[in-house]
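Below: the structure, in structure tokens.
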Amino acid sequence: MCNVSQDSCNIDSRLDSLFPPTLYIFVMVIGFPTNCLSLWAAFVQVRQKNELGVYLLNLSISDLLYIATLPPWVNYFLHQDNWIHGPESCKLFGFILYTNIYISIGFLSCISVDRYLAVAHPLKFAKVRRVKTAAVVSAVVWAIEIGANSAPLFHNELFEDRFNHTFCFEKYPMEDWVAQMNLYRVFVGFLFPWVLMLFCYQGILRAVKTNVSTEREEKAKIKRLALSLIAILLFCFAPYHLILLSRSVVYLGQPCDCTFEENIFTAYHVSLALTSLNCVADPILYCLANEGARSEVTRGLAPLMKFFSASRPNMDSFARSVTLDTPWSSRRAAAPSPRSWSLCGQTGGRGRRSRVRRRRDCKC
């Protein structure tokens with residue numbers, strides 16, 4: 001163990017006082033309303049007995065909790081990494097901030113597995129894909145991530161640097177238990193879910209490719225959505241966990257060497273800020289690009305649409321903008337083709353006739 005003092009690393013916290021707070025403000029402005037819409041749309045799907053809505057609901061709650069912690073962190077970075085709200089609030093907001101990263105990843109994994117079962121094995125796992133099962137799985141995800149990331153609640157997380165700034169959830173060099181916890185976060189909290197998601201979406205692509213009844217346009221839509229998810233997951237979370245792993249490995253090898261910490265400090269904070277973009281990507285990829293959820297959002301915004309656009313009789317163009325069509329969602333159709341597959345997650349009807357139809361159409 002390194003016995004150097006807590007301010008032995010000459011960290012200049014003034015270097016990153018612009019980018020993180022700017023990005024956090026952007027995420028709050030965009031992420032809060034879109035996740036509120038996602039929350040409402042997911043709730044509607046849950047009421048329709050759609051198990052995908054359960055995961056979307058929990059994902060939106062996780063993102064909103066994350067966004068709720070951003071204002072004090074904006075203040076923290078604007079004051080050059082100086083926490084002024086006391087030790088208990090540091091523990092609380094830091095715990096929520098870091099834990100929700102992995103809760104979000106956990107529910108993205110749940111959605112990936114659910115979509116894989118729906119597309120690749122629509123009949124074999126039909127009984128597993130139920131609202132009650134999704135609720136139990138969601139409770140397990142919350143319990144595991146909260147328990148696995150609760151250690152900082154029992155340690156002092158305020159540390160002063162050479163500028164008399166009070167760091168929150170940051171110590172340079174880090175402590176032994178933090179380095180070990182970081183390894184768990186990297187391999188269990190990030191790498192394992194990412195490999196699982198990659199496996200699921202490769203299975204989805206194989207199932208779509210081998211099914212001759214799937215239309216070409218629908219195949220392209222599913223592939224774009226799948227590949228875009230992997231890309232955004234890598235963009236939002238991979239840089240942070242790569243740097244986190246590097247910091248932990250270097251510390252465990254040379255606990256008293258601050259050179260690496262000093263050189264990578266700004267990059268570490270930038271990568272941490274990039275994880276917040278997941279709160280903007282989630283509702284676009286998994287809710288607003290969803291046929292059922294998109295129609296619910298459009299219908300829910302209809303009163304506001306009429307109120308703010310009373311002088312504009314033609315509402316068609318506005319309705320198209322509300323759907324937030326992205327490169328991952330093709331233009332909206334009047335009704336899904338009976339020969340096409342979808343990642344919509346809509347629950348079919350009960351009974352023998354619906355099962356025969358599902359077997360013939362191979363739909364979600």
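These residue numbers are counts, starting from 1, taken along the chain as shown.
Quick reminder: no glycine exception, Cβ is built from N, Cα and C everywhere.
These numbers come from a predicted model, not from an experiment.
As annotated by Swiss-Prot, topological domain 'Extracellular' applies to 1-8, 81-85, 157-172, 251-260, with the evidence given as similarity to another entry. What Swiss-Prot lists as N-linked glycosylation site is ASN3, ASN164. The disulfide bond annotation in Swiss-Prot covers CYS9-CYS258, CYS90-CYS168. The transmembrane segment annotation in Swiss-Prot covers 9-45, 50-80, 86-121, 130-156, 173-210, 215-250, 261-289 and is backed by similarity to another entry. Residues annotated as topological domain 'Cytoplasmic' in Swiss-Prot, with similarity to another entry given as evidence: 46-49, 122-129, 211-214, 290-364. According to Swiss-Prot, the feature site 'Required for activation' maps to GLU145, an assignment based on similarity to another entry. Annotation source Swiss-Prot lists site 'Proton sensing' at HIS155, HIS165, HIS269. Summarising the annotation, Swiss-Prot assigns region 'Extracellular loop 2 (ECL2)' to 157-172.
Feature map: Swiss-Prot annotations on the structure.
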{"residue": "CYS9", "record": "disulfide bond", "contacts (Cβ under 8 Å, 6+ apart)": "TYR172, PRO173, CYS258, GLU261, GLU262"}
{"residue": "CYS90", "record": "disulfide bond", "contacts (Cβ under 8 Å, 6+ apart)": "TRP83, GLU157, LEU158, CYS168, PHE169"}
{"residue": "GLU145", "record": "site 'Required for activation'", "contacts (Cβ under 8 Å, 6+ apart)": "THR99, TYR102, ILE103, GLY106, GLY189"}
{"residue": "HIS155", "record": "site 'Proton sensing'", "contacts (Cβ under 8 Å, 6+ apart)": "TRP177"}
{"residue": "ASN164", "record": "N-linked glycosylation site", "contacts (Cβ under 8 Å, 6+ apart)": "none"}
{"residue": "HIS269", "record": "site 'Proton sensing'", "contacts (Cβ under 8 Å, 6+ apart)": "ASP16, PHE19, PRO20, PHE77"}
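As a summary of secondary structure, the topological domain 'Cytoplasmic' (46-49) carries 2 helix, 0 strand, 2 coil according to DSSP. Sparsest Cβ environment among the disulfide-bonded residues CYS168, CYS258 (other Cβ atoms counted within 10 Å): CYS258. For the topological domain 'Extracellular' (251-260), the mean pLDDT of the prediction comes to 84. Same-chain neighbours of the topological domain 'Extracellular' (157-172): 6-11, 13-14, 76, 79-84, 87, 90-91, 93-94, 97-98, 178, 258, 261-262, 265, counting only residues six or more beyond its ends whose CB sits under 8 Å from a CB of the stretch. Taking pairs at least six residues apart, the transmembrane segment (261-289) and the transmembrane segment (130-156) share fewer than three Cβ pairs below 8 Å and do not count as touching.
Taking DSSP states H, G and I as helix and E and B as strand, the region 'Extracellular loop 2 (ECL2)' (157-172) has 0 helix, 6 strand, 10 coil. Reduced to three states, the DSSP call for CYS258 (disulfide bond) is coil.
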